[in-house]
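Heads up, the thing below is written out as structure tokens.
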Amino acid sequence: MSLLVWSALFSSILLCFSDIVSGTTTNSVNLSDQFETQTYIIRVQNNLKPSVFSDVEHWYSSTLKSLTSDQLKLDHEKTQNKNSKNDFLHVYKTVFHGFSTKLNQQQAEEIKNRPGVLGVYVDRVRKIHTTRSPHFLGLTGPSAHSANGLLKGSDYGSNVVIGILDTGIWPERRSFHDRGLGPIPSHWKGECMEGKEFSKTLCNRKLVGARYFPNGYTATAGVINETTEFRSPRDSDGHGTHTASTAAGRHRHHASLLGLASGVAAGIAPKARIAAYKICWERGCFDSDILAAIDKAVEDGVDIISLSVGSGAVPYYQDPIAMGSFGAMEKGVFVSASAGNEGPGIMTVANIAPWITTVGAGTIDRKFPADLILEDGRVIKGASLYSGPPLPENTFFPLVYAGNLSANVHNGTNTSSRSSGFTSAICMPNSLEQELVRGKIVLCDRGGVPRVSKGVVVKDAGGAGMILANVSPEGLGLVADAHVLPGLAVTETDGYTVHGYIATSKNPRAKFVFHGTQLGTKPAPVVAGFSSRGPNLESIYIIKPDIIAPGVDILAAWPGNVSPTGLSSDLRRTEFNIQSGTSMSCPHVTGLGALLKGAHPDWSPARIRSSLMTTAYIHDSTGRVLLDEVNYNTSKAWDMGSGHVNPEKALDPGLVYDLTVDDYLDFLCASNYTARNIRSIARRPVDCTKKGLQPWDLNYPSISVVVDQSKPSKIEIEVRRTLTHVNDGASSYTVKIENPLGVIVMVDPPKLEFTHREEKKSFVVKIVTEKVAMTPGNTRSEFGRLTWSDGEHMVSMPIAVTWQESY
């Protein structure tokens, strides 16, 4: 197609956009419709820009400025648009081609049918999902610092730049000093954006760049509240500072949270450089801003992207994070993302694209125990980060259940007792009657409001202390919090015990004993109860999460103006804070990715992920298969993926499962994505006519298959994989199989002989099973493991076999 035709074609597309933003369309949309607009992300073909324009933004602006109708000019004045450049919230030109702007629904539908538009996506909102964890990961011992160790071998990540996409950063923290660091890596091209209370001088050889992205947020959520947050890269939440220092904080002595977890704090890659990209604000993180940050981070020259945000799974071609991450992967950037905190529910895992490394959370061998002692002598083990004045040591306090203390009931309002009882049971603000609370320990159920907020409610009502009881489905998993009054968390089972004691005792009384920091606890690790689980909602053939890493009670840097609870009424301040979530496990893998990239600069993102997955371990400190914190039963691949990361083993994996961009495209073809869908992800036309493609044949470091129950009773499925030798010299690997229950797995050939580095060998996995009797709509999964070993290296991956019965 000629340049003139392409230019005219895209001018017609942009004419529609110019009409939209100025209040006029060919369908005569009224200006009043602007009040019903929302932000959309528009993806266009990457080969449309005429060469006469220096860049895409120039092209857009020039086309818009060429529109000279009197009506357009009038409408621009009415909508107070000063120039066409302001019509776009973001222009994407590195990992994604297109832009974001505001449209109403009718306009969005019209744009979808315009030539050259590959996709139109509603701007979704996402949510934000260490003195001990480096030691727990084996990164503090002599072997890690030896010449052949991961830290020394990568020079502690000094030539690697990590892009932290989060709530910003508090640059003055000691974790981000640059003393002793060499020059900034030459491939870094980013900048330090100025803004409120953030000057360029705050960047250094450690914090090499900082940017902020408010346009999508302000277009949808409204203006930024500058009394509570900063229009700049500065962090007013704490989440971004915590994740950045977890991934790459410098060594800091005498770190603690108000005396708890004291020791030397350090990030996983302590010399890696940090670039902060602020994408999250008070009311969330919007796709248009996240995509802009990914786009800019890759352009700036980051080597690693860390993304501790997410939401429910959607098809890859409708997920801007998946699409942006594909472009980053294509440029050689390793993307680590949190799995989400919606566990233990099944199919809750987020950030599920196979080119993203998805990280679940596990515990470490450190806890913060606190005892609830009932007056009848029973001792209930709980958890707490409370470090303030304790209750009198030998005094038992009256113990009451919040569900019986409704302020509405006792104030004589018209609210139903059932409704009032529920809001008071979960200790909602203003739900408790002071006369019934004063001087007592109050039992609150989890749910409804943040855990630490419940303590404020009890304290404001005059309570002496608080017990926070898990409810289904939290189970036995405990999260310690820095409560504003004496308080602790107990399990669901123990919560029932306390409920029963209150209900059956004439004068229930209790007291607390706080034990501070306890190290060397067993078993560890355990899969965190809150960690989101598989199977992968979009493609069951890709096991997600990929791995788990430390994500419970993690100590890391914290902003100077944010309390440890994040509550405005909490006046305490601390340099470090303890947080839990897959948001905390993600930057552990981010830091490990940086160390591996530093040690192996030529490794692809797929090789880095493979080395982490195939060397992960699945047995805890007691020798048992990793347990699930919800019920302390054995965890499965849907819960832990390939297992818990093992950094030193990952440095020298022996073999890796590598992947190219074309491999991912074949996977999308085999997954029955349309050519248009794939073009939306890959920014290129694809040919899906290749025969024999199967989605389970993607060269991934795990295997997941689905049994077709409509076939004869004996079912055979063949899965293909290819290994690349990453060591010098010759090696001979033999396979070992742990069969899933009711399945026989055979490998051909059972032995692989390698003679030199980068040699590739393929093998076939034959999975044989029988049909299983099930009721319609049900599924059943069984799990096994496949391991290649040369006597020194163990290259393992999980196998998942799922039977499902259609309706």
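For all residues, glycine too, the Cβ spot is worked out from N, Cα and C.
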Of 62-82, 230-250, the range TrEMBL tags as region 'Disordered' is 230-250
With the cut-off at Cβ under 8 Å and a gap of six or more residues from its ends, the chain residues touching the region 'Disordered' (230-250) are 128, 130, 133, 157, 162, 164, 166-171, 173-177, 192-198, 206, 210-212, 214, 224, 265-274, 276-278, 280, 282, 306, 308, 554, 556-559, 561-562, 566, 577, 579, 583-584, 586-588, 590-591, 594
Which residue, of the active-site residues Asp166, His239, Ser583, has its CB surrounded by the fewest other CB atoms within 10 A? His239
Helix, strand and coil residues within the domain 'Subtilisin-like protease fibronectin type-III' (697-801) as assigned by DSSP: 1 helix, 66 strand, 38 coil
Could you give the Cα-Cα distance between Asp166 (active site, charge relay system) and His239 (active site, charge relay system), in whole Å? 7
Segment confidence, the domain 'Inhibitor I9' (39-129), expressed as mean pLDDT: 69
